[in-house]
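Participant: Here it is: the structure, laid out below.
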């Protein structure tokens, strides 16, 4: 009998009413994107202080850290505890996929610097350029490494200084670190491979209603997805290959 794979999702965000009504919560959004049949996924609402017991970390095959409206450089109790847990998982060489806030938290834990994005916030669909020389053919990217990948972006912070052992895997016009890896067990993405058009548009409408952005900014964000979408299938494949140690056949 094949042993069931177990994964833990660290949710650093609360569910919006839209996400709860449409998808049943962010747990379902992530598991639909990264999960496979027969796996067991546990969610821990770390933003609310919910964490696994340290003695239980060993039972998981991999971890995913979500995005957040909080800053990864803050020193709130839950953020400091998350950093401590991530450090322990890193020492165990367990796989961690860091997304947006998670990407920044891992950089912080490993000695990098995170701060406000120098070129300002992003809320849109954008392309990131792949550093092909940094990616080994046959790794979780497969043998056919693309020049660029489209991804939905939603952030106001960035990794300003990478940890010494990190390797940049992608960059963009405004951001030097769109994606990086550390050794074989840490893989981090500034964008949101789990987001779709509906989630982006709801976030745009919400921040506009709250007065965080102007109408022109909101219109420009939605315009980026008028005629195309994110490369979600490719992101799904890459992230699954990483988390599950798969060797692609393409």
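Residue numbers in this text run from 1 along the chain shown.
Any Cβ shown, glycine's included, is placed from N, Cα and C.
Note that the coordinates shown come from a computational prediction; the quantities given were computed from them, not determined experimentally.
Pulled from Swiss-Prot, these are the listed features:
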ACT_SITE  100  active site, nucleophile
ACT_SITE  192  active site
ACT_SITE  194  active site
DOMAIN    16-213  domain 'Glutamine amidotransferase type-1'
Participant: Run through the Cβ atoms and count how many others sit within 10 Å of the one on residue 194 (active site).
Facilitator: 25
Participant: About how far apart, in whole Å, are the alpha carbons (Cα) of residue 192 (active site) and residue 100 (active site, nucleophile)?
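Facilitator: Here the two Cα atoms lie 7 Å apart.
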Participant: List the Cα distance (Å, whole number) between the residue listed as 'active site, nucleophile' and residue 194 (active site).
Facilitator: 11
Participant: Does DSSP put the residue listed as 'active site, nucleophile' in a helix, in a strand, or in coil?
Facilitator: coil
Participant: Can you tell me the mean pLDDT for the domain 'Glutamine amidotransferase type-1' (16-213)?
Facilitator: 96
